[in-house]
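Contents: one structure, followed by commentary.
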């Protein structure tokens, strides 16, 4: 089998790294922000526009695609790349976080998680083996080990039990993947390349459990490592502290993925800490609620003060929305509940996130003597 996945660090600045991942569907320059395309669509944005925005890799959600249209349907259609007509890289999560979110509808055992569908109430079981089978059938380039996401707050004994379970599931995920990785829908046409399975570090809000989880997950051995179990209601300062302590425990020659985080100023901060990959629904979800990120701060576009504002959304942004439309028009669309409001707002927010990451990467490559990393001030985060 030819090399399916590689990662190389090309430049560093302090703990921050600029790198390059190669997957069966192309190159990804890191640090990278990955838009979330939950059900094989980034809400409101067609694939050609995602390409135009410079999206290199996006997420699909295993839980949602498993329920609808179903893994077998996607597999028969050639995998998710063909299904959604996207020839660049894709990452799927394992479904663990979504099942965790169904707290009323799920039951966790050693075998896996039994749950009821939020669509029709039908019963299902996700186990490490079935999560691997689903992710292999969907056919993303990067897939995730099946894990249990610990709720917040959680007692230490509960968190430790959960961490131990996740480690056992990581072993089972790896074994199941190794046995079936040649079954990915595009295996033959991509020169017998397969997917890359990442391990997930858990351990809740306890630094010593995070350390143990990181060390033991690295011992199992994966081509990349994710930090999971954040964005579950904990204070952002706590997240930052735990990430800063955990990153140095991960191999320097493997990509590090922080799952489900965060605001623009946070993704800058985490890139500074040495995180290579991040995803978050925030730019798309906030856009649908009229919250827009700009170089001048956050704007709530429905505010009356924008009703006569002829200026662009962000004078420092070169996206097609800022080049063409006024704040007054964007406010009108949002107030009128027009679908175009969602499309334009999301286009701008994604552009802002992607551009922020490009600037961070460029700053790392140029080195600290020429450019400092972009500083985005926020009352929530102390400078690092």
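Cβ coordinates are placed from backbone N, Cα and C, and glycine is handled just like the others.
Record note: Swiss-Prot gives 317, 319, 322 as Zn(2+)-binding, and the candidate from 332, 348 in that site is 348. When Swiss-Prot is compared with the stretches 253-259, 260-266, 267-273, 274-280, the one noted as region 'RNA binding' is 260-266. Of the candidate ranges 239-243, 244-248, 284-288, Swiss-Prot annotates residues 284-288 with the feature region 'RNA binding'. Site annotation (Swiss-Prot): substrate is bound by 93, 94, 95, 96, 97, 147, 229, and the candidate from 195, 202 recorded at this site is 202. Of the candidate binding-site residues, 317, 322, 348, the one lying closest to residue 94 (substrate binding site) when CA atoms are compared is 348. Put plainly, the active-site residues 93, 279 were compared by Cβ crowding within 10 Å, and the winner is 93.
According to DSSP, residue 94 (substrate binding site) sits in a coil region rather than a helix or strand. When the binding-site residues 97, 147, 202 are ranked by how far their Cα is from the Cα of residue 319 (Zn(2+) binding site), 97 comes first.
For the binding-site residues 95, 96, 229, the largest tally of other C-beta atoms within 10 A is found at 229. The maximum pairwise C-alpha distance among 93, 94, 95, 96, 97, 147, 202, 229, the residues recorded as binding substrate, is 15 Å.
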